Amino acid sequence: MSSSEIQINPLNPDGSPKTPKQIEKEKKKAEKMAKFLAKKQKQNQNQPSQKSKTQDQNQKNQATAPKKETDAVPEYFPENKPGEKKILPPLDHPSFKSYSPTNVEKSWYEWWDAQGFFKPQLTEDGQIKPEGFFGIPAPPPNVTGALHIGHALTVAIQDTLTRFYRMKGKTTLWLPGFDHAGIATQTVVEKNLAKQNIYRKDLGREKFVEKVWEWKEIYHQKIKNQVKKLGASYDWSREAFTMDPNLSEAVIEAFVQLYDKGIVYRENKLVNWCVHLETATSNSEIENKNIPSRTLLKVPGYTEKVEFGVITSFAYPIVDSDEKIVVATTRPETLFGDTAVAVHPDDPRYKHLHGKFVQHPFLDRKFPIITDPVAVDMEFGTGAVKITPAHDTNDYETGKRNKLDFINIMTEDGKLNENCGTWAGMKRFDARKNVIEALKEKGLYIGQNDNEMVIPTCSRSGDILEPYMKPQWWVSQSTMAHNAAEAVKSGKIQITPKFAENDFFAWCNNLHDWCISRQLWWGHRCPAYFVNIEGEFHDSGDGRYWIVARNLEEAEEKAKVKFSDKKYTLEQDEDVLDTWFSSGLWPFATLGWPKNSIDMQRFYPFNLLETGWDIIFNWVLRMILLGIELTDNVPFKEVYCHSLVRDAQGRKMSKSLGNVVDPLDVIKGISLEELNKQLTLGNLDPREIEIAKKGQKDSYPNGIAECGTDALRFALCNYSTGAKDINLDILRVEGYRKFCNKIYQATKFALMRLGDDFKPEETNKPTGNESLVEKWILNKLNQASKKINEGLENRQFMDATNSFYLFFLNELCDVYIENSKYLILEGTPEQKQSARNTLYTCIESGLKLLHPFMPYVTEEMWQRLPRRANDTTPSIVVSKFPEYSKDLEFIEEEEDYEMILDTTKAIRSLLSQYNISKHGTVFVECSTKETFDIVHQQQELIVSLIKAVEQIKVVESISDIPAGCILQAASSEINTHVLLKGQIDIDQEIKKFQKKLDKSIAIKTSVEKIMDGKDYNAKASERAKQNDTERFEKAKADIESLEATIANLEKLKL
């Protein structure tokens, strides 16, 4: 196992992050253990023992040494109608002889939904069940396109928890929905229409919005089909869309209430403006590009690339003086909006200029030299700074402090406006080049230098964002942020992992007012009306002339009161609200707010909000802010933030890299050729497509094999450790498909062992007839139930999946099913019945334990099991989840059986080591009466597990062991002996082992020579050093083992 395959939980039990030192220490320990287990597994490869208990090693074995693939399984076409219960063909049917995800997963989802299993189950009088309530408001995916693997992670985690709590007997509600995603959807639709030479402004608002609704219907259904395929047990009867009439009513009500409280207000302030889309953008739409030095970038609307990463110095002439003052800027075109030059009040270079003015080089305008210790660092550059309050975030604050003029120099489409004189109408980046040339002509140009900088770009259009003054609607957040922070500090809301909670508090402590206006056509139109008073002009940034109301009629009534002596008309704001505003209302608007609905009374607040940590600010925080403010209660009690999914190399998923994964492609499988074709359906340009194709070939050279929903869900849950990132390797998902096959085949085998006439006991309580191996597996089942329950309750998904994997594969399949064969086939009637009952209990409980992770294969196989008396449960979906039971606790018996396994192991090791394949003579020496009794009682079991022996003799003293035996300790109280004299040719065996010894000595000598070489430590890579060390240690261990073996054989000759 390579170090890259070792996974370490990055969190301590209390949820705090481990230090890098802790993680490195645990990783080294895990690597050492993995090497040891791998060596032991190789030594004991023919033994019927538990396999290595490290799941990653099992996965590697599955992935690298797969069994020969069976012939393709024919597709099954269900005999039942959609929505009806699946008619199960016999397991010898051609479509069900082997595991096929496609065939197994058919029909179940439609039946579950039709039966109402996903709806909240209430008491007869309509109340929450005594077991309690568990609810999740599903994060609404954007109707912009198909889902990606990150959405699949969200579904896997949330559905696992919902199914778990449903099986625990709780009333559960997982409420689904979709987000209109204003700017994202409008941008995608505009790009799609542009391919047909159709443009938004040509269509007009009404026609364009119709086009967006058409898009929404197509992709809404596509996404819905995807989540259904993923097995999401949503209550579809409560499905919501952020622009549904009831949710739109909630948006209007929230805006009006917040305005009436003074929280929403109107003001002309700086926003992040996208020139290409002509709208303000939110922080979530900003992608910051790091520019190390002079760089040419492609900008929408320009045929030539635009230069960034340079700083330009130029001089302003001092009025009534021959002096000049030098300033520097990365945006020369903004000099038209300069209204001051700032210097530090203590800078001796400029004290004589305090209060003086500079002359604008291109306009008939003068502006002052001001002093400002906040805006100016004397040690940086010339110590003089140009101030452009209307087009720079820092300068905006400087302008407010010094009461400067705010001059807007740009139109909404990115051209210089009338405030720029003869330059009006020139595009901003064309103006940049021309300004520099004009400064040179006037002798004011000083020079340019490379300048590392960060360029804010619009993620939707790729345009360079512009700080821009515009009257907008804003939300004051400071008081709400304080309340939100207190809700978390007081424990009303719990946020995990710990790093996510820290991020939450950081945002609360640095929260600025929120611009909620967007200059789009798709979205919730602002419920605000401007009062146009006859004969008067008023700026739209003046909030006094706006009426906020739920509808036009209410606005008219309010206007009559406020402007009773005026003639006026009302004009509704053309802008729409930021998508995050409506999304922030999601947990309560979906339950009927602002009405005091039955759902609000029953289900609010939700128990859990599960989402990615990257939207703590944009979504989680805003839901808490608005929830507390509008409902006087928290919207949910717990926030669990899952990891972000990256590719196997740790890269962010990106269409241009070709590593974006559609979950349906993993479920159904897809060829490399088909993956390539998908790239042509998006908005990538031809050059990006070629780069993406190369990325796909590197990541998926053979395409993606059919893995099925169950394998994908289990893999994603197993990856969920609470870390910030997941590096998803599709090969690992393929490994879990093999695990699905193991579950399918093991259940199929169990059904054969049980027989058609088998009737299980009424309960899973032991009957008293259980053998030692049965008590061992029942205790293992009990422990697994406990660990899986604890794992899911504590959101430790990796621990829960590992616990099941270990139980089912290593303990149930590899030990119990194998080791109970003789009881079922050759035991007494009582032994046969007991062993079958135990097998049934383990399979039935195992399928239930697995169901939240793998809903399809568990339902398919559970439906084939016989039922206990009086069990009328219609589906595993609503069956009872196994829990720890005192009745199934067999701690001492587990220890006793482990001793039997160790004894068997030791015997098999000796027989294998000396190539004894039949008629072996074995003695088991027990040093205590207790161990003697246990081994003596189980000797028939031991014999049944070892093909090379027909009987063993259990003795209490070494004196009972004949000469000519070889020994291996099984434990501190048990030694195993195998008679070699007369069984093997000792001289021949010595020669064989001597050859192996000579080879190991040669390897050790060769590696030593390399490691002792000159400059080895300096020149060899760390990987080479590690490999050499491992080879040396292995050779050394092999030499010690072989020398001991030869010495033992020599003794037998005496």
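Keep in mind that glycine also has a Cβ here, set from the backbone N, Cα and C atoms.
Those TrEMBL annotations? Automatic predictions, nothing curated.
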Quiz item: In TrEMBL, which of 101-128, 969-996, 1025-1052 is labelled coiled coil?
Solution: 1025-1052
Self-check item: Segment confidence, the domain 'Aminoacyl-tRNA synthetase class Ia' (108-729), expressed as mean pLDDT
Solution: 94
Quiz item: Who are the long-range neighbours of the coiled coil (1025-1052) in its own chain, taking Cβ under 8 Å and residues 6 or more past its ends?
Solution: 35, 39, 913, 964, 966, 980-981, 986, 989-990, 993-994, 996-997, 1000-1001, 1003-1004, 1007-1008, 1010-1011, 1017
Quiz item: Can you count helix, strand and coil residues in the domain 'Methionyl/Valyl/Leucyl/Isoleucyl-tRNA synthetase anticodon-binding' (774-920) using DSSP?
Solution: 108 helix, 1 strand, 38 coil
